[in-house]
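Below is one structure. I have some questions about it.
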Amino acid sequence: MKIHTVRQGTQEWHALRANHYTASEAPAMAGASKYQSRAELLKQKYTGEIPEVSDAQQRLFDKGHAAEAAARPIAEEIIGEELYPVTGTSEEHPHLLASLDGCTLLEDVIWECKLWNQELAAAVRAEELPEHYLVQMDQQLLVSGAEKCLFMCTDGTPENTVFCWHYPDEARFQRLLAGWQQFRQDLADYQPRAQQVAAQGEAPEALPALSIDLTGAVQASNLPDFKQRALAMIEGIKTELTTDKDFADAESTVKFLQRGEKQLKASKQAALKQTATIAELFDTIDELAETMRQKRLQLDNLVKAEKDNRRLDIQRGAEQAYSAHIGNIEKELEAACSWPITFRAPDAGIAAAMKGKRTMTSLQDAADTAVANAKIQADEAARQVRASIDALKQEAEGFEALFADGGQLVCDKAPDDLRNLARSRIAEHKEAEARRQEAERERIRQEEEAKAKAAAEQEAPAPAEDEPAIQTHSPSPGEPGYRQPLDTSRITQAADHFQRGSEIARPEMVEIPRKEYDALLEARAKLDALEAAGVDNWSGYPDAMASLEAA
């Protein structure tokens with residue numbers, strides 16, 4: 001925190017606040033202030049005007065400062081350290097400022113003091129502070145970097161002192177920063193609206209009292225003059241309503257016409273008491289009463305219809321502004337995302353925010369604040385989607401085909417969750433691909449083995465016609481193909497020679513005549529042919545091999 005050596009309430013302090021976004025302004029920025037609307041704060045920042053402090057407000061401020069001074073020792077006893085008033089700006093976010101009622105020397109604990117009132121004291125005891133105070137302390141904690149804030153409601157006496165603690169919350173910090181970012185954008189686009197004062201309705205100029213004096217016939221009456229002025233007044237009533245003043249005038253006129261109708265009826269009844277029937281008099285009175293009634297009904301319905309129209313215009317304008325913002329977000333995300341994406345925008349809640357507001361000014365402010373808060377939420381959601389897009393692009397590189405649902409995933413999953421899902425899906429794919437490749441290699445090996453066997457069988461010489469058929473088992477005596485056991489003495493003798501030859505040291509190179517070399521090749525070819533023809537199934541083969549191995 002960068003500390004500024006200015007005293008609260010001085011011209012230098014006001015100048016510093018005018019160029020920063022202060023903690024006391026944060027509730028109005030968030031639409032949570034009890035004292036100032038977001039629209040009023042926008043206008044104040046745009047014009048640079050410092051609101052004048054009334055005498056009543058100054059007396060309240062003085063009372064609060066006195067309570068703060070009296071409560072400082074109580075707060076220092078709770079914290080265990082001395083507290084100093086500080087005005088500082090954030091080093092990381094230099095546009096944010098906070099004026100602290102108290103801060104420790106190490107800047108690890110801060111103090112916010114509010115003047116005693118029963119409602120706030122009850123909220124402190126329940127540790128359920130209104131958002132108005134929480135947003136202010138969020139900015140104080142963010143600017144100061146303190147570990148906690150002591151929030152106190154007091155009149156300076158121990159008897160009327162309650163307190164609770166408020167701690168840093170990263171999610172709230174992010175909402176606060178996003179809120180000020182949206183406020184800065186709105187301030188850059190700000191177009192001042194015509195100043196509107198609280199509308200006071202004006203009814204038409206009062207009509208003269210209708211007087212009638214009857215003695216069997218009309219003796220005296222100002223009815224003709226009354227009629228002329230009444231009809232002129234009714235004709236001059238404005239029915240095109242646009243401003244709050246117009247609506248207030250119309251509502252007052254409706255009440256005036258109601259009184260006029262009652263006055264005419266009363267005059268008629270007074271005349272009836274004086275005479276039985278005076279056709280012209282009563283016809284005129286009835287005509288005026290009906291004319292007033294019709295105009296009153298028309299104006300009353302017009303006021304209701306025009307108010308509904310203005311409300312709908314304000315709501316429609318706010319919804320269009322929000323839709324345009326969401327459209328820009330969607331275009332940005334579509335450009336960044338490799339998959340079709342549908343961004344689910346937060347509900348702005350414009351209609352709910354406007355509910356219960358009666359004046360055009362309050363309706364407009366409620367709609368604007370709802371849109372601003374919705375934009376903040378949408379921007380935060382879009383930031384997470386962008387982070388998820390980056391995470392999926394990084395993890396899915398080379399495996400994009402596995403993520404046909406990528407557009408939905410980046411909207412539904414946080415970046416870390418999406419990374420884990422992508423890695424798991426890719427690992428499963430790699431395992432399945434490895435199994436598939438192994439099965440493919442095994443299939444090829446078996447096919448090649450079958451081809452080699454078939455080729456060897458085709459290359460083997462066909463047996464002569466006088467040669468016996470190949471036996472698949474050794475026939476018993478008396479069966480066709482039975483042969484006497486082979487004389488294995490020659491095989492044994494050859495084995496003896498082989499054994500003795502194996503004991504002789506073997507040279508690296510052996511020279512033999514060409515004739516012997518050719519004989520060896522021919523013998524090898526015969527051996528290969530015999531093995532290919534299934535010599536191991538011939539009668540006597542097992543005996544010959546057993547004798548050879550035994551030797």
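Just so you know, glycine gets a Cβ as well, placed from its N, Cα and C.
Because TrEMBL annotations are produced automatically, they should be read as predictions rather than curated entries.
Owing to the predicted nature of the structure, the values given are computational and were not obtained by experimental measurement.
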If TrEMBL is the reference, give me the range from 138-165, 194-221, 278-305, 334-361 marked as coiled coil.
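My reading of TrEMBL: the coiled coil range is 278-305.
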Checking distant contacts: for the compositional bias 'Basic and acidic residues' (429-456), what same-chain residues at least six beyond its ends satisfy Cβ-Cβ under 8 A?
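Residues 399, 402, 532 contact the compositional bias 'Basic and acidic residues' (429-456) from elsewhere in the chain.
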From the DSSP assignment alone, can you count helix, strand and coil residues within the domain 'YqaJ viral recombinase' (12-147)?
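Counts, helix then strand then coil: 71 helix, 23 strand, 42 coil.
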